[in-house]
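Quick look at what TrEMBL annotates:
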TRANSMEM  B:12-33  transmembrane segment
TRANSMEM  B:39-60  transmembrane segment
TRANSMEM  B:72-91  transmembrane segment
TRANSMEM  B:97-118  transmembrane segment
TRANSMEM  B:125-143  transmembrane segment
TRANSMEM  B:163-183  transmembrane segment
TRANSMEM  B:215-234  transmembrane segment
TRANSMEM  B:246-263  transmembrane segment
TRANSMEM  B:270-288  transmembrane segment
TRANSMEM  B:294-312  transmembrane segment
Amino acid sequence: MSTFIKDFIERETVNRRNFLLATAAGMGAMAVPFAFGGGAARAAISDPAIAWSYRDRASAYWNSVVSGGEAFVESLGKSKDSLVSLINEGSSEKSLADIKAFLAKTGGKCAIACDANDSPNARPVVEAVRDAGAYISTIWNKTDDLHPWDIGDNYVSHMTWSDEKPAEQTARILFDAMGGKGGVVHLGGIAANNPAIERLNGLKNALKDFPDIQLLDAQPADWDTTKGTELMASFLTRFGDKITGVHCANDNIAYGVIEALRAEGIENMPIVAYDGNPEAVKLVMDGKLLATVFTNPHWGGGITAALAYYAATGAFKPSEEPKEHREFYGPTVLVTKKDAADFKAKYLDAVPSYNWKDFWGPSNGQIKYK
Amino acid sequence: MPRILTRENAIRWAPFMVLLALIVLFTAINPSFLSQRNFARIAIAAAPALMVAVGVTFIIVMGSIDLSMEGVVSLTAVLFCFLMLALGGTLASGGWVAIPVILAVGAAIGLVNGFIHVKLKIPSFMASLALGFVGTGAAILLTGGDIVKFNDPTFRALLTWRILGFPLMVYVAGLCLVLAWFIQSHTRLGRYFYAVGGGEELAHASGVRVQHVRMAGFSLAGFFYAIAAILQVAKLGQAESVTGSNFMFMSITSVVVGGVALWGGIGGVWNTLVGVLIVAVINNGMVVIGLPDFLQAAVLGLLVIIAVILSTDRRAVAFVK
């Protein structure tokens, strides 16, 4: 039996080697005609098609990202409709399939901005783009071992946001408002989400410098307003007057917390939030929230498309850029009462017009891995 | 003297006993659970959910199912806010007109739901689920994914104005519950629901116009979903395309835990009230006793199974599908 298996494996191995050799020979022969004409011109695509691949249109966040992408294509003198939306609806399979379809349709003459939906999906996506000779820039999701400089010029850049430091800043603002003592509760996002973990870590970092402040409890409210109210009501039963400050993982939760407190007639509880949504900024101006954090999704949406586009046209060569221009953090803007009015005027009342060739101006340094 | 401790009585009162046992359990672990202020918090959490659950109770009593509640609540909540703002933004300035309009819209959506189910002969499960998605989609379309804030202080008195320690919305929900009980027990329509749920062919043979009863039932459910939407806006001061999320699980679980049989004909709105309170007490109590968050979902699931075991007469049915 064992000899049979051994023979079989040997035969199959030889066959595969022959097959590979034959394939390589074939490929080589195919490459010859291109060796003189096509090769050099491949680096520059004169008018690449532009696409944004993202999750859904039902959220203010992604709507803002897409508005940035549209602002960028308009800066090229094209119509808004020339930005192709590839909506993955939370499915990594659909994300990859849509991108492959777009690559096939454009024959690789395209620039793609993309959130790969989850981290493991980023590698097949960027490899498909590289194999087609197109260009891609990604945001949010990629594994720590995947780097643009390992893939080549076709993987232009990756941007993400680090929430730990800003969440620590909001916590410090909260603790100062609490007079450096008392009890704080944290209402978090979906427990396994990376931003939820980072935002809680930020709170814990700030706690180290405030020994008289106790973290009473941290529970997930799933980024949701209704869950936020109900969790806050339960916290009030459990801790009562011991709660003197509330740290929320996002604005939506904070809206719920404010309503739970309103029902109890509690008016001036110090609360901080995250995301910088227009309603939250208004609450900061009204003094109902102490602070929130804005990540400028409009700029993120435009600049990600711009990076892929200008690398495709050959306006710059990614491999000649330093690493902090290939993997970097996006901007975070802390919004507090004293700057909320300015912030609203600058970012919300009228969308600022950005220079889409200033790729790294507002960015926040090279990504660090733990 | 009639015997009190019969098997039938035990099953009838089992959901209520489960509720009492939970209150005793949570109070034993953290005495602050048993306070008027906490009961008011539980009541606020339960009021909109109760309206959704009462609506779906009629459908389940008929032996059908309605899964459109999340979409209908989101859509009616968003429409309610837009209409209120269009009518001047306050109850006093003519915004009150929005209330009957939205209740009518809810009933109309329910009627469409019933029509699709009955006339196009699509199972209620599928018809209502699909219509729910349409509702959520319409809410996204209307809001563009944004939040609609609505903060008229007169309207928000539903949350902020308290009588005997409980907010006004709790009494409104209570009144609507009494209305539902009246429909269930003192109208012909209510009796027809039970007739259809107990045996559709028999009801048909007895001259009940089953199709009409079904459509009326779905319309009534839609009406109650719209009440839930208005209470939810009163509770949160805002509406968005996800305002209705979580109501599907919450309401169906409550109805079943309260002792309404999914195969139809058994139970009623009082069972639903107890079921909603059980689920709300569990949700509140788990945080109050400080249960770690990673255990909460599992404990909720286990408690639901235990409550269903105790509160339904499974010997009375030949099989469960």
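Backbone N, Cα and C define each Cβ position, glycine as well.
Segment contact holds for the transmembrane segment (B:163-183) and the transmembrane segment (B:39-60), given three or more CB pairs below 8 angstroms at sequence separation of 6 or more. Here the listed stretches are B:39-60, B:72-91, B:97-118, B:246-263, B:270-288, and the one with the most C-beta pairs under 8 angstroms to the transmembrane segment (B:125-143) is B:72-91. Residues 47-49, 51-52, 54-56, 58-59, 62, 64, 66, 68-69, 72-74, 76-77, 80-81, 99, 102-103, 105-111, 113-115, 117-118, 124, 128, 150, 155-156, 158-159, 169, 172-173, 176, 180, 183, 189, 193, 243-244, 247 of the same chain, all 6+ positions outside the transmembrane segment (B:215-234), place their C-beta atoms under 8 angstroms from a C-beta of that stretch. Ranked by Cβ pairs under 8 Å to the transmembrane segment (B:294-312), the stretches B:39-60, B:72-91, B:97-118, B:270-288 are led by B:270-288. Beyond its flanks by at least six residues, the transmembrane segment (B:72-91) meets 48, 52, 97-99, 101-102, 105-106, 109-110, 131-132, 135-136, 138-139, 142-143, 148-150, 152, 154-155, 222, 225-226, 228-230, 232-233, 238-245, 247 of its own chain at Cβ-Cβ distances under 8 Å.
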